[in-house]
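K.L.:
According to Swiss-Prot:
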{"type": "COMPBIAS", "residues": "222-236", "note": "compositional bias 'Basic and acidic residues'"}
{"type": "COMPBIAS", "residues": "447-457", "note": "compositional bias 'Polar residues'"}
{"type": "COMPBIAS", "residues": "465-477", "note": "compositional bias 'Basic and acidic residues'"}
{"type": "REGION", "residues": "213-243", "note": "region 'Disordered'"}
{"type": "REGION", "residues": "442-477", "note": "region 'Disordered'"}
{"type": "ZN_FING", "residues": "38-71", "note": "zinc finger"}
{"type": "ZN_FING", "residues": "261-293", "note": "zinc finger"}
Amino acid sequence: MSEEIINKKLENTKIEEKEEEFKNISHENEVTEIESYCVNCEAENGITRILLTKVPFFKEIMVFAFHCPECGFRSSEVRSGGSYELKGCHIELNVTKELDLNRQIVKMEKATISIPSLDFEIPPSNNGSLNTIEGIIKEAITNLTNASEIHTESKEELLGFVSKLSNLLMVDEPFKIIVDDPSGNSFIENPNAPKADTNLKVTNYTRTAEQNASLGLGINEEQQKQQQEDSKKNERVTTTSVSIPSGDLADREVYSLPNQCSYCGVMGECKMVLTDIPYFKSILLMAFSCDECGYKTNEIKPGGAISEKGKTITLRVESVEDLSRDILKSDTANVIIPELEIEVTHGSLGGKFTTVEGLITIIKEELEKNPFFRGDSSDPANRARYQEITSQLDSFIAGKKPFTIELDDPISNSYIQNLFAPDDDPQLKIVEYERTYEQNDELGLNAMNTENYLNNQEENDNEAENEKSEEKESDSK
C-alpha cells in the first residue's frame with residue numbers, strides 16, 4: 001500500500017477529532033475513496049477505500065482496500081490507528097501445558113516474536129494480527145513448508161526445522177515464547193487475570209533512539225545538533241547546581257535537568273525535588289514535561305540505601321478517612337487486594353505517590369486497558385468476571401465496602417500513612433522478612449560487589465590479558 005495514500009488520508013484527519021473519526025463498526029461508518037496508482041498494471045485510476053474504525057482487541061484500526069478497474073487487481077491491508085504506548089513492552093510466556101497454546105496473542109506490526117530454544121524469530125511485518133500461540137506456530141510451519149518448495153536447495157533443512165516447530169505443539173517439554181514490541185501495543189492473554197500469572201512476565205522499557213525512529217518518532221539531524229548544543233550548555237550550568245547541599249531548605253529546592261522525551265524524542269525538562277515523608281524516609285519526586293508534544297509524566301524514587309530485609313504492609317480500609325491515607329508504592333512493590341484475589345506485580349504501575357483511593361482508581365484504569373476483557377470478541381466468563389471486579393472496585397472507591405490492601409516490597413521502599421504515628425495503628429500491620437535468593441538475583445544484589453572491587457577488577461583484567469596472549473601463541477603455532 002502506497003505511503004502517499006496513507007499520508008494523504010492522515011493529513012486530512014485532525015488529531016483532535018480522532019474519537020469521532022474512529023467509530024465502532026456499523027453500516028453507518030464513513031468510507032473515504034481516493035484515486036491511486038495500480039502497482040500491477042501501472043494505471044492511475046485505481047481506487048483505494050479507507051475505513052477508520054474500532055475493533056475489539058485492536059482498538060483503533062485503518063482498513064485499506066484497493067481495486068483497479070483496468071486489470072481487476074485487488075489488495076487489502078489493516079494497520080493500527082491507535083497511538084503508541086509511552087513505553088515499549090517485552091512479554092515472556094513459559095508454555096508448560098497444551099492449554100497455554102490457546103492463549104490469545106495480539107502482535108502489532110512493529111512486534112517481534114521469538115522462541116529462544118529454537119533460535120527462531122518472526123520479524124516485524126506490515127500488518128498486525130490477532131491469533132493464538134498455537135495459531136502463530138502453525139502459521140510459521142505453513143510459511144516454512146511453502147518456502148521449502150521454492151528453495152529446494154535447503155528443503156531438508158527447512159523441513160527439519162518444521163519438525164521441531166511441530167514438536168512444540170505437543171508441549172512434551174516447556175518452552176518460552178517472547179514478544180517484544182517497541183510500540184507497546186502487543187499483548188499475550190492472562191487467563192487468570194486479574195490474578196498474577198506466574199508463567200507470564202511483562203516488562204515495560206524506554207525506547208531507544210533507533211526504536212523511536214522506526215516508529216516515526218525520531219527527530220531530524222538539525223534538531224539533533226541543536227539538542228546536542230543545548231545539552232552541552234545545560235551540562236555546564238547543571239554540573240554545579242545539581243550537587244545538593246545539606247539542610248532542610250535544600251530538600252525543598254527544585255532542580256532541573258535536560259532529558260529526552262520518550263514519546264517524541266525531543267529534549268524536554270525533568271524537574272526533581274528531594275523531600276521527606278514523616279516517619280519514613282527521603283524520596284525523590286521527578287516530573288517531566290515536553291514542550292514539543294505536551295507529554296507529561298511523574299515518577300517517585302525512594303532515597304537511601306537498600307534495606308537488608310523486605311517488608312509487607314497490610315492496611316484494613318474501613319472508612320472513607322482511610323481512603324485519604326497517603327500511600328507510596330515503589331516500582332519494586334506488588335499490590336494485593338485479597339478480597340478480589342487481585343495482585344498487581346511490580347513494574348506494572350511504576351512508582352506512585354498518591355492516596356489509597358488514588359491507587360485503587362489507577363488499578364481499575366489499568367484493568368480497563370486490558371483488551372481481553374472488553375468487546376464482543378472477549379470470553380463471556382472473562383467479561384463477567386471483569387465486570388464484577390470493576391463493580392467491587394467502584395464500591396471500594398466510594399467507601400461503601402471495607403477491604404484490605406497489601407504492599408509487598410522486597411526492598412522496603414513502600415509506605416502507607418500511619419494516622420496514629422508515632423503510636424501503633426490498629427488497622428496497619430507491618431511485617432519484615434528475609435528476601436529469597438531469587439528476589440536478590442532479580443534486584444541485582446547477588447552480583448553486586450562492594451568490597452575489594454578494585455582488586456577484583458585488576459584480576460579480571462589480568463585474566464583477560466593472559467587469555468589474549470595464549471590465543472596469540474596458539475595462532476603463531
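The backbone N, Cα and C atoms fix where each Cβ goes, glycine too.
I'm curious about the neighbourhood of these features; can you describe it?
P.N.:
Note on the zinc finger (38-71): its mean pLDDT in the predicted model is 80.
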K.L.:
Using DSSP, how many residues of the zinc finger (38-71) fall into helix, strand and coil, respectively?
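P.N.:
Helix, strand, coil within the zinc finger (38-71): 0 helix, 19 strand, 15 coil.
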K.L.:
For the zinc finger (261-293), jot down how many residues DSSP puts in helix, in strand and in coil.
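P.N.:
The counts are 0 helix, 18 strand, 15 coil.
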